[in-house]
């Protein structure tokens, strides 16, 4: 029997489908998702939870005309499948393939690019106001998860939307609650009343008639208001949105397609902003994902029958795990150490810390700005707060780093995970800007370890410095080196010469140091013995060592996994320029001034001629060119 999904190429193909067809299609979409993501990896559980919701949205609205903004965006896979990208789905998050997030450059159905949390309502409000100014009539929707709704930006946008009374719909996809039968039935009934225009006309007529009754009409009206208020406050969550100027509808069963369509159709007819509160089950339809939704939030390839990842040979621990284990070990000896994360406990490696030191662990939710200033307050009172955060999300709190931490010299430690190329998440999550935006801040010390053992030592060093410190380290497995037992601090503001050579010097930081060593090994086969220097500190830079290297070598190359503008190579160039040695710096090996796409690190490096063999070719071509000119 031919599957319905084989006939669905755009959302227009849904328009003629019956409810029975849509429910069957929902099953097929889940099968397709599970099969595909078991091979490519991706955000499985969130997308299994929004199958019916996405079908209802595409049935009621016209994604080509209407504007749908997905927040955070990782739950947009069904949207992609329904908008002509089904055949490309095997390339999801692969180099040169489909993005895991909405991307306007990828499809005209993607109204707005997302990837960072809590931005959808702001973007949707901007589009709604633009529509009004232009005199057009498209619908505007923001689909936001309950996690993203915890971000302050979402409430800033709702406050503004309520003030503007713009016609727009916010769909709150809440997968943290479950609706019992009685509550669900009552909710459905109340939702139908509140979304049916006839209800509002009757309510207004009753209020008008009551007010006209002599003597007792006013009292009766007050009684009605008290009853109404009592009922409203039974639905406290809705009240928050109502007070912000939204019409609140819900909770709605997010897996009931007819009910979703009815509510969305009624929401379209309302004036002003509407919030539709939808309850969904994360991982729905796949037992392992329902049982362990966090595990399948973002997953690698897995076996469909069991949900287990393919067994791999034992490898080095991840940088995140080494960080988590190390900071826990330090905390056992130092009671002033506390850990803070912004809704990324597992991702940053703090799960065990939270279990062992619950009173010293703080998950502030998706609130990076608050996390940083909260840490500054703790530091002000004598604690050693360690903020574990991804590089891409630290950007969101730049003002707080400057104003609340560094300007006051508060000793906050920033443990910056996912620095550099991050893989499948792509442009929105690349950690390629932190060296540039951090090194310009006074009072801040910036370090980058060459391997997981050096990360241990840097953490121990940071805890013993009464200054703000940032340590950036990459995603994924470490280098497999032996970890330290005593974790002796590293010498302050000093790099290390790993190999002593002549003529050519390679100076780098972080993840690129092992790459430098690989290049050095290959150059040695060509008869060239380069010096390899691990700078360790981006700020303050070990200028004395770098100047000494510059005076002894003819060709200097810098290596970093950061954008070229304002990064480590720029720092070295500035140092050399001050002393008339800028001509010695031949090339800065780094990422260009553009947004770097998703894909495996090795493929991304090759795309930008930063793979080991390509770097060697650049160095050899320069040296051979010089020899030819001299000859």
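From the backbone N, Cα and C atoms, a Cβ is placed for every residue, glycine too.
As given in Swiss-Prot:
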BINDING   74, 115, 116, 117, 147, 148, 175, 286, 368  thiamine diphosphate binding site
BINDING   146, 175  Mg(2+) binding site
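Known features from Swiss-Prot, placed on the structure.
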{"residue": "74", "record": "thiamine diphosphate binding site", "CB count, 10 Å": "23"}
{"residue": "116", "record": "thiamine diphosphate binding site", "CB count, 10 Å": "21"}
{"residue": "146", "record": "Mg(2+) binding site", "CB count, 10 Å": "16"}
{"residue": "147", "record": "thiamine diphosphate binding site", "CB count, 10 Å": "20"}
{"residue": "175", "record": "thiamine diphosphate binding site", "CB count, 10 Å": "23"}
{"residue": "368", "record": "thiamine diphosphate binding site", "CB count, 10 Å": "27"}
Residue 146 (Mg(2+) binding site) and residue 116 (thiamine diphosphate binding site), distance between Cα atoms, whole Å:
14
In terms of DSSP three-state secondary structure, what is the assignment for residue 368 (thiamine diphosphate binding site)?
helix
In whole Å, how far does the CA atom of residue 74 (thiamine diphosphate binding site) lie from that of residue 146 (Mg(2+) binding site)?
14
Considering each pair of residues in 74, 115, 116, 117, 147, 148, 175, 286, 368, all listed as binding thiamine diphosphate, report the largest CA to CA distance in Å, no decimals.
33
